[in-house]
Amino acid sequence: MTDKKYIIALDQGTTSSRAVLLDHNANVVEIAQREFTQIYPRAGWVEHNPMEIWATQSSTLNEVVAKAGITSDEIAAIGITNQRETTIVWEKSTGTPVYNAIVWQCRRTADITDKLKADGHEEYIRNTTGLVVDPYFSGTKVKWILDNVEGAREKAERGELLFGTVDTWLVWKLTQGRVHVTDYTNASRTMLFNIHTKQWDDKMLEILNIPRSILPEVRNSSEIYGQTNIGGKGGVRIPVAGIAGDQQAALYGHLCVHAGQAKNTYGTGCFMLLHTGNKAITSKNGLLTTIACNAKGEPEYALEGSVFIAGASIQWLRDELKIVHDSFDSEYFAQKVTDSNGVYVVPAFTGLGAPYWDPYARGAIFGLSRGANCNHIVRATLQSIAYQTRDVLEAMQSDSGERLQYLRVDGGATNNNFLMQFQADILDVNVERPVVKEVTALGAAYLAGLATGFWKDLDELRDKARVERTFSPDSDNEKRERRYKGWKKAVKRSLEWAKEDEE
């Protein structure tokens, strides 16, 4: 395939659509990006226009080819990674959506999830789908559309409607309505999919009253699904050959494809995934059991956990406390002091997630003495991100019995060397920061490239997945455990704060 020089990853996110062009050495050659409209019809409701998602995504595909000055016959394949759970229902004959896309953040189906709990379905859903009962996932969103859009249920019963997450919608549009598929990673986020049998679950379809005919075919994350002439000139057709939900794509982009390998994405919050191989582990700590890819893009399993407030705590220092001017300053101020002087910041602004699951916890600063200053508070705030990561990873290790080999990292806060070094120290494992920061797009590109022979196997990619810097842990175990014990004490005192206040 010497004439094929490039792979394109379509990265369809919550606020923008991007196209990333990569060469055979997995270097980013060019990026095109377009934002699209966020629609908030009521408090707690979030929608996107599916046609605008498609318009922005298809235009970035054409734009990235034009900007790079390449021809479409040089493109080996297109891979797709996407915002997960976001739900689209459209007419099979026309391709017209019957309603806006209901976004993963949307809370409109809380009454449906409350009824699922009241009717005693929680344990079945947990054991079958790996998920907690929450409006976050696609199943209740599909039900809402069928129940609330005039004529939708009747059309669905007649087999005239199709459902898909964003990946399914993009493949449908790219192939001009010829292919209706999803991959295992996205299917596992719908609350309609049995992650053990790897089939759509009849009982869940019955509980939510969703006809089977609406569902896409579920395929591996690395295979050729169809061809597209979008982005192709002169009749050239490009294979669409890789799909993974954004967090699973990032896991694959880090080449975490074996049990015990983990990645953490540091954004507003943190998304952590620990690969568990062929074991679907039901968490005792409120983590999600989800599907991830093995080396060949076939379905295996992972545990997923999230920290609500990570990078957002640095924004708080900047915007509310005004003790840093921008996020980049935090590293400088944190290193103006040699330690946190006993100060702990618990950034529980919206409660605490795994493993505490306390919506009544609130933010607090502990351990203040007369000598504490703003630099200590900045340092303690950065440290809180690392402590929370340890909390989740300890839950993961407890559930899985796997000892973390190393932690691969991505996201904005990974540029903070102080935070990354402290993360290594508090976890007692190496923290590896990659050269290529577009890890989610890399994952989609790898899956597409392997499916089409652009890359031979994962061993070839390992040479390209270069680590920019490894942060090795401090060997002082006594200091590490003393610090972490202080953090646990601080968290304990912030729990149920708002609940006690109400009483």
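Quick reminder: no glycine exception, Cβ is built from N, Cα and C everywhere.
A quick note: this is a predicted structure, and the numbers were derived from the prediction, not measured.
What Swiss-Prot records for Thr14, Thr15, Ser16, Thr268, Gly311, Gln315, Gly412 is ATP binding site, and it gives sequence analysis as the kind of evidence. Annotation source Swiss-Prot lists sn-glycerol 3-phosphate binding site at Thr14, Arg84, Glu85, Tyr136, Asp246, citing sequence analysis. Marked as ADP binding site by Swiss-Prot: Thr14, Arg18, Thr268, Gly311, Gly412, Asn416. The annotation glycerol binding site is assigned in Swiss-Prot to Arg84, Glu85, Tyr136, Asp246, Gln247 on the grounds of sequence analysis.
Between the alpha carbons (Cα) of Thr15 (ATP binding site) and Glu85 (sn-glycerol 3-phosphate binding site) lies a span of roughly 15 Å. Under the DSSP three-state reduction, Arg18 (ADP binding site) is assigned to strand. Per Cα geometry, Gln247 is the residue among the binding-site residues Gln247, Thr268, Gly311, Gly412 nearest to Tyr136 (sn-glycerol 3-phosphate binding site). In three-state terms derived from DSSP, Gln315 (ATP binding site) belongs to a helical segment. Taking the C-alpha positions, the distance from Asp246 (sn-glycerol 3-phosphate binding site) to Gln315 (ATP binding site) comes to 24 Å. A Cα-Cα distance of 14 Å separates Arg84 (sn-glycerol 3-phosphate binding site) from Ser16 (ATP binding site).
With all protein chains in the displayed structure included, the most crowded Cβ environment within 10 Å among the binding-site residues Gly311, Gly412 is that of Gly311. Here the binding-site residues are Thr14, Gln315, and the one with the most other Cβ atoms within 10 Å of its Cβ is Thr14.
Residues Asn82, Gln83, Thr86, Trp104, Arg189, Gly245 surround the recorded sn-glycerol 3-phosphate site, their Cβ atoms falling within 8 Å of the Cβ centroid of Thr14, Arg84, Glu85, Tyr136, Asp246, which are themselves excluded.
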